Structure formats: structure tokens, C-alpha cells
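Below you'll find the structure I mean.
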Amino acid sequence: RFIAKPCAINLGIQDSGPHRAQPNAILEKVFTSITKSPDGKRLEGLSKQLDWDVRKIQRWFRHRRNQDKPTTLTKFCESMWRFTFYFSIFFYGIRFLWTAPWFWDTRQCWYNYPFQPLTSRLYYYYILELAFYWSLMFSQFTDIKQKDFLIMFVHHLATIGLITFSYMNNMVRVGTLVLCLHDASDFLLEAAKLANYAKYQRLCDAFFMLFGVVFIVTRLGIYPFWILNTTLFESWELIGPYPSWWLFNGLLVTLQVLHVIWSYLIIRTASKALVRGKVSKDDRSDVESSSEEEDVTSNSTKGIFSTSSNGSNRLNGHMAGGQWTGE
């Protein structure tokens, strides 16, 4: 309200929503009480009742669905908040871990386990991360529902479970490595969204490509060969498996499965951009094109983040090119 909104206004982002549908009592009644996406049979009936062609009625329903979507200004403010948190917590984590012995030798995560001291800096790092992911868990039900809702819900559950479980079992050393690794790419994703909303297309594309590289390197390279290696093999050797050990590693492997899915989507998006020089409409965007003609216009926009005709393209999921996924 006091920082992000003035920044958005200075960048020329207007607090205006999508094009509103023209008032129509019959269509409004169908929209609110029956269905927001009528099938072909219902469209034909409405066409005869109103003496409108089917395309016009479809366009009306698209506009009506888009009316309830958040404005670009609202999404800019949300992304700026998340960018601020991810950026700050990542560099706090790096600064904290730089002097931690287990950052350089992961076997230190298991020496003298579970009798390892919990320092105040480590405690606050954990509590801040846990509070933030709980907030994401609750806000997911009030935000616009995305096509990756289930994947993000599982991700938040796994993350909260890992943070809580590792804290209760004093596996906080390896937990800090997992947290810092995941924060490494998140602020780049939010930076790409901010550039997209501000219509700095080249900057947006650069941030997205950098995000993709960092994401794949950290989630498909460092995570399995550094984190999973120490939790699955080094811990087995030094402390041996026990019941909660299996649950802990099960959650970590669940995250790795999600990493593979998201990496595929990111690579697919980048491939489209490189091959075509542009990206098709975001098929999981929270704002739909109002007609096929608008889709064509949107598709002609260059860059990895193509901004639709109403200036919207949401992420965190919110992948451009039909694949944006968050976090």
C-alpha cells in the first residue's frame, strides 16, 4: 500500500481492470446461478433467446469472467511483496550459512545428532520461513484458482511439513540448506513478473531465462546430488534410518518430483520462445482473451512473457506460454 503501489504508479501501471461486459440481465442470471462457462447447447438456446450470435455470447462470458480478476496494479503489489521477502530471506540465509560448517561439509549435519545447538539466528530463519509458507497456504484459497492449484497445494504442504518436522526432530542444519536452495530462484521469478507488469519486455525475458537456469541447476543438480545425497546416504551411514527418517526423506523426494515437473514446464516455455521468437497465450493465466482475434493479437507479442490485451499474466504459479508455474 505504501511502497509497492506508489512504485507501480510511477512505472505507469494503472489501477484499471479488464474490459467489462455490457449489462445483460439474462446472461448475468445464467452466469451467477447456473454456469460461468456454458456448453454448446446452452449457448444455442441463449443465442435464440437474445437474437445474438454464439460468438458474441461467448465473448460476453469471457469478459464477465475476467471482471472478477485482480488488476495489474494489485498483482504488481503482490509480486513486489514476494520479491522483497524472497530476496531478503535468501541473502540472510546465504550470510548465515557462509559461516556454518555444514554449508561446506554436509556430513556436519549429522555429527552429534540429535544433540546439536539451536542458535537464535537459525531459529529466526526457520520461524520466518515457516510463517511465510503458512501465509501462502492460506492465501491460495482466496487468490484466483490456477490450473496448478493442486501441485502448489502439495508443494506448500510438503514445505510446511518439512520445516515443522525437521524442527521437531532437530534436523535444522540440513533444513537450512533446503530452504536457502529453494529461495535462490524464487526472487528471480518475482522480478520477471514485476518487469512483465511494468511492460519492460526485454528485462522480463532476461530475468525469466536467468530464473530458468538457476531453477534447473539448483533443483535438478544441486538438490539431488547435494541435499538428497546427504539425507539419504550420509545420514544412513552416520546415524542410521529410523521411523521419522523415512518420513523426512519421503517429503524431500516429493519435492524432487515437483521439481522435475516444473523444470519440464520451464524448459517447454523457453523452447517455444527460442524457436518461435514469441510465446503463445498463457493457457493457465487468470485472465482469458475475450475472443479469438484477441488471442492472435496476444500471440504476436514478442518475448517469453507475452502480455495479454488486458495487461495481465499471472504467476506462482503464473507461467507464460501456457506453462508458468511458481515456486
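Our numbering is plain: 1 for the first residue shown, then up by one each step along the chain.
The backbone N, Cα and C atoms fix where each Cβ goes, and this holds for glycine too.
A TrEMBL annotation is a machine prediction, not a hand-curated record.
Just lifted these from TrEMBL, have a look:
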DOMAIN    27-71  domain 'Homeobox'
DNA_BIND  29-72  DNA-binding region
TRANSMEM  83-103  transmembrane segment
TRANSMEM  123-142  transmembrane segment
TRANSMEM  149-168  transmembrane segment
TRANSMEM  207-226  transmembrane segment
TRANSMEM  246-267  transmembrane segment
REGION    284-327  region 'Disordered'
COMPBIAS  301-315  compositional bias 'Polar residues'
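Describe each of these features in terms of where it is and what it packs against.
This prediction places the mean pLDDT of the DNA-binding region (29-72) at 80.
Within the chain, the transmembrane segment (207-226) has long-range Cβ neighbours (under 8 A, six or more residues past its boundaries) at 106, 177-178, 181-182, 184-185, 188-189, 191-192, 195, 255-256, 259-260, 262-263, 266-267, 269-270, 304-305, 320.
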Do any residues of this chain, six or more beyond the ends of the transmembrane segment (149-168), have a C-beta under 8 angstroms from a C-beta of it, and if so which?
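Answer is 126, 129-130, 133-134, 136-137, 140, 174-175, 178-179, 182, 244, 247-248, 251-252, 254-255, 258, 261, 316-317, 325-327.
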